[in-house]
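The block underneath contains the structure these notes are about, expressed in structure tokens.
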Amino acid sequence: MPGTPQKNKRSASISVSPAKKTEEKEIIQNDSKAILSKQTKRKKKYAFAPINNLNGKNTKVSNASVLKSIAVSQVRNTSRTKDINKAVSKSVKQLPNSQVKPKREMSNLSRHHDFTQDEDGPMEEVIWKYSPLQRDMSDKTTSAAEYSDDYEDVQNPSSTPIVPNRLKTVLSFTNIQVPNADVNQLIQENGNEQVRPKPAEISTRESLRNIDDILDDIEGDLTIKPTITKFSDLPSSPIKAPNVEKKAEVNAEEVDKMDSTGDSNDGDDSLIDILTQKYVEKRKSESQITIQGNTNQKSGAQESCGKNDNTKSRGEIEDHENVDNQAKTGNAFYENEEDSNCQRIKKNEKIEYNSSDEFSDDSLIELLNETQTQVEPNTIEQDLDKVEKMVSDDLRIATDSTLSAYALRAKSGAPRDGVVRLVIVSLRSVELPKIGTQKILECIDGKGEQSSVVVRHPWVYLEFEVGDVIHIIEGKNIENKRLLSDDKNPKTQLANDNLLVLNPDVLFSATSVGSSVGCLRRSILQMQFQDPRGEPSLVMTLGNIVHELLQDSIKYKLSHNKISMEIIIQKLDSLLETYSFSIIICNEEIQYVKELVMKEHAENILYFVNKFVSKSNYGCYTSISGTRRTQPISISNVIDIEENIWSPIYGLKGFLDATVEANVENNKKHIVPLEVKTGKSRSVSYEVQGLIYTLLLNDRYEIPIEFFLLYFTRDKNMTKFPSVLHSIKHILMSRNRMSMNFKHQLQEVFGQAQSRFELPPLLRDSSCDSCFIKESCMVLNKLLEDGTPEESGLVEGEFEILTNHLSQNLANYKEFFTKYNDLITKEESSITCVNKELFLLDGSTRESRSGRCLSGLVVSEVVEHEKTEGAYIYCFSRRRNDNNSQSMLSSQIAANDFVIISDEEGHFCLCQGRVQFINPAKIGISVKRKLLNNRLLDKEKGVTTIQSVVESELEQSSLIATQNLVTYRIDKNDIQQSLSLARFNLLSLFLPAVSPGVDIVDERSKLCRKTKRSDGGNEILRSLLVDNRAPKFRDANDDPVIPYKLSKDTTLNLNQKEAIDKVMRAEDYALILGMPGTGKTTVIAEIIKILVSEGKRVLLTSYTHSAVDNILIKLRNTNISIMRLGMKHKVHPDTQKYVPNYASVKSYNDYLSKINSTSVVATTCLGINDILFTLNEKDFDYVILDEASQISMPVALGPLRYGNRFIMVGDHYQLPPLVKNDAARLGGLEESLFKTFCEKHPESVAELTLQYRMCGDIVTLSNFLIYDNKLKCGNNEVFAQSLELPMPEALSRYRNESANSKQWLEDILEPTRKVVFLNYDNCPDIIEQSEKDNITNHGEAELTLQCVEGMLLSGVPCEDIGVMTLYRAQLRLLKKIFNKNVYDGLEILTADQFQGRDKKCIIISMVRRNSQLNGGALLKELRRVNVAMTRAKSKLIIIGSKSTIGSVPEIKSFVNLLEERNWVYTMCKDALYKYKFPDRSNAIDEARKGCGKRTGAKPITSKSKFVSDKPIIKEILQEYES
């Protein structure tokens, strides 16, 4: 494996902070050999040396269990441990000479962020890598909100959520190494590349060009490209990359001279050494420049740049100022620019041209060779010019199109000063003496302007690709804002403080980036594979309690002179009551937890709050990290608690424990983050998180954040951590490296080609032995990376234990996993790529495009929420001067929707809330934040004041004035989560299995429990699905697996009885294919009754809550014990009694008894992360999966893991799983597990064909479309049913006699007409309207309204009518039309939403009618049409254009059937005006009203410019004017 040269050898690798002088080499060499000589098996755990308390003495490593510190001076003379391993094993290599670089000075970064100078940096630290014997739990990690059953709860998760007990934090520091790269090899490879510059315009040449040159241009340089070292092959930090040469060699005199100055790093390097495992080595001498071409270009632009034979040595380039000046023009370090083939990329030279097959043929060369003597040279030259011009024109067109797309991608919804957003259009790599590797990125901005960005150490180690988005946060130390490096300004000696963020539109949490420091692979796997199995953790629960106790205590102290222990105990008791259930499921007593908090935290919190939460900093001495100094710092105010900040500038997000105002020396106030930790461990990830919080605050408030405060509740004092430029750079490097694994979430993947799923390399460290995701990591290593025991780094035999089960069918397993993992990734790209729209579109643009946003808002009123303590209702209205604003009802935001509130200056997610009400002029949002805008800018004084959200003293009038210093936007919170749960479900097929019933002891709680099959991999499903093992059934002559007897008076038909018998004889699984209306729910309820009567436990699950509840409603009159998991407001009122109430649970045994005695547990497929599934003593005997044909295979695998046998019920002739990505759909993701098993093993299927829903005519349609006459009516009564009209004569009163049209409404409502296609081809006024992706048809909406009005006036109840459409824009229009009390009970849904439901009468609006006869793509899916038709019981009315709908080939024969049966009713020209119903016009007007007259403004007409792109409003105005 790249970067993992060791084989089962371990060393105690070290991370050191720079400090003092270089000393003798021999000592550390001997120590390294001693370490290497140790055996792999460790007899004693390593102890953790104290931090910030180490002296730089010459201390050798002893064999004691505690590894003592080694002086930094000794460590500096060592090479990396893995190089020593090679040296020892081969006994041929010598350690490289060390190098000490001159000390750098630190400078402030930019207006966005100020960084502290060297005096606040740490002194000397030596930290040993170790593997703790017991799990070392962090006190604060972020739980995944995705797939949470209650979406509301995940909108504002705590920064200290409960984390599964088995997930443990392992402190480890990476020390990854790759073999040295041979620079000569790079030069040789580049020399083989034929590359030429292409001019911007091709004109007649003065002389004949070589035909090879022309062919090369035509073919697009189809030569072998030099390879760029993959990032996975690089070390964990750029500092230690051995294949890239370092700065100039330092001679002995310079070393002696610099001994007194220490290392060159700026400020605090304790974090940097952990991030980078820093080392220095002697650089090879180099006299030539190596230029690498880009090999990673995805599309469009590609630059060709080659090496001239006459390339001159640039060893003389030493002047950094000269280098910087050259870089500004994009021509830095080019060889002999007048004569070199490597020239600067022109605007039109960045597209890769793939020639056709004929251009690749040699026939053109042969032809030219044969005719060369017969044709005049100028004729050949003219012909060649024509070819070149043709190619050039094609290139220019393609390039312009690509560049336009890139420029669009580079636009930002809210540009910021000092932040530049660019898209890479081409790139190249250059090897320079005394500089090392340099990459030159040709970029384009949102205005279409191109520029060059020069990237050096450390940013050069990122794998840039064409099309990547970068943010440059401009600093102030270097004049060239397009140079990203560690170089110093030669005049001021200040370090380059420009920062780079790669793929900034993916936001990573501070916790994720912090954990990546120890192991990048582990962090990536946790994010991409969400394991729903978790165990309760007392440590996490305790951390939550202590966090909230400290936060409450701080808030109390702000308004009181002192806090007493009595107050703390009072607050603690309240918190213990809140967390009582969490404590109980940890098998602990509440009193014990209280004593623990009082013993280990309460006294410290009391001392800390009384001493440090004070207006004055007198006596509040705070230690400064990395130094022996202290500084008076107090917390004079608290700005916010649990502040949630999203930063699309830095590509980061996080919850801050507290944002505080710190009073430092000379009463200078600073806004800084206060990070609270409650555990015993001291992890470098805490420092990473804290520094990330400084960046987040810098983005939110646009002020310098110079440090952060860290407080451990087990201590009485806090520590100040200065914000250091070098540390910030490497934290962003870690974040940027993570982003490369999630690029698919930014752009939708369209191609069907399978992409490679790459992971960071194995850490191969001692911490791997106790890693909580070791099984997943090694299985993936085997499936994706052809892993071997030697490369795993695990103790001997362990890799085989974890992966040997894959050997029996490894090739098939690899193919299966790779295929479906790729399909999940493609689908994930389509789901998540829309997330960035929130950041990249300004509010008005997003509102006009999609309606998912309301823009230009101001606060009109703020009131406290009457029902929810600590909540407020913010009322928003449009700006007063905005006369052109649309009605808020025109948006897609509705009551009870979750929304995100941001300001229009680029500060996103100020808070999240739920819509309380919305009307044309106002919208009310319930939030838990008192102030939205607490940033007050005095432009005259140039001072920014930050108001406290916790203790705001503003009056109502001042509050609103303060809030309206900015304008707001409200976005519908449809941020899509990744498919990490589905990806883990797929992986679980290949994890090692666990034998059930084995006694195991939990290492933390010491409790003994028996294993369950669900604790390991899903071996049974793997054999059935991947190995294609056929399911087994008991023979009809044998007794069934589950003995049963049906009652004599049962109403079940023969089909249903056969289906039940199939289930009871199944040894693995059974499938029930239930056609529409055939009683699937009844059969499932009967099966549950039989299984429970035989003592079996059942897990009932489906994709939707309604499907689960429909089955439970049929069981409500039984004595079966049922537990319905889910939030009450999502559960049907009739089944809410089954939602568990744990108030009666007083102990851990009470809880176990309650869940283990429950016969039926019901939940959705995505609700399987409940703690019940972990604490269950046994898995379920049966899992019943309803709606199985609508669930994609990876999602269905989740609940099936928890049962010994399973039953799937569905109909794959109805709606398939919803798949957004076309490539994923065509690749097979749309094929459900139900359909797969139906087709592979039809003997496992029981069909239900007798239906009791639809009349005979409607069944005819369904049989014609799908079922080939298999579907039958259950009895004659069902066959002959019709829609009854109690008062049909009422319609005559509403006829418009002036209209010549016949009384079409009475005709189509005639009860004998059970299927009607209402064809309006003769009505010219009815035509579709298309606005971007929104397709509506107002004429059809009016016809639908008249049909509903006609039925209501004829006596048909609203509850018996359903309105359906296939288009969501039409759905919104219909809902607005019927938004009146008189239509209560009328359901208006899409075909997908109507699945599983039925009505006596269904009206379908087909929408499409246009002159092009384009019927659209939705009708091509016959399964969707089938669902639409089969929702009706006794009457089906289809409103559409026969000519347009009939143009769809897939549906043409269906239209012909309607004509043959005389079911098409063609309307007359003026049919729209035949009836006039009461309040009809008012309903339409209110639904469509998008604007009204404004006082003092010119009236808007249908010819106004304002409505030119608003066809709905334009049509309304035309109706008014007519």
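The backbone N, Cα and C atoms fix where each Cβ goes, and this holds for glycine too.
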With respect to Swiss-Prot, which of the residues Thr962, Thr1118, Thr1312 bears the note phosphothreonine? Thr962
If Swiss-Prot says Cys768, Cys771, Cys777 bind [4Fe-4S] cluster, which of Cys443, Cys519, Cys1165 does it name for the same site? Cys519
When the pLDDT values for the region 'Helicase activity' (901-1522) are averaged, what is the result? 87
Looking at the binding-site residues Cys519, Cys771, which one has the fewest other Cβ atoms within 10 Å of its own Cβ? Cys771
Under 8 Å between C-beta atoms and at least six apart in sequence, can you list the same-chain neighbours of Cys777 ([4Fe-4S] cluster binding site), or say none if there are none? Arg521, Arg522, Leu525, Leu762, Cys768, Cys771
Across all chains shown, how many C-beta atoms besides its own are within 10 angstroms of the C-beta of Cys768 ([4Fe-4S] cluster binding site)? 25
Take the C-alpha atoms of Thr962 (phosphothreonine) and Cys519 ([4Fe-4S] cluster binding site) and report the distance between them in angstrom, rounded. 45
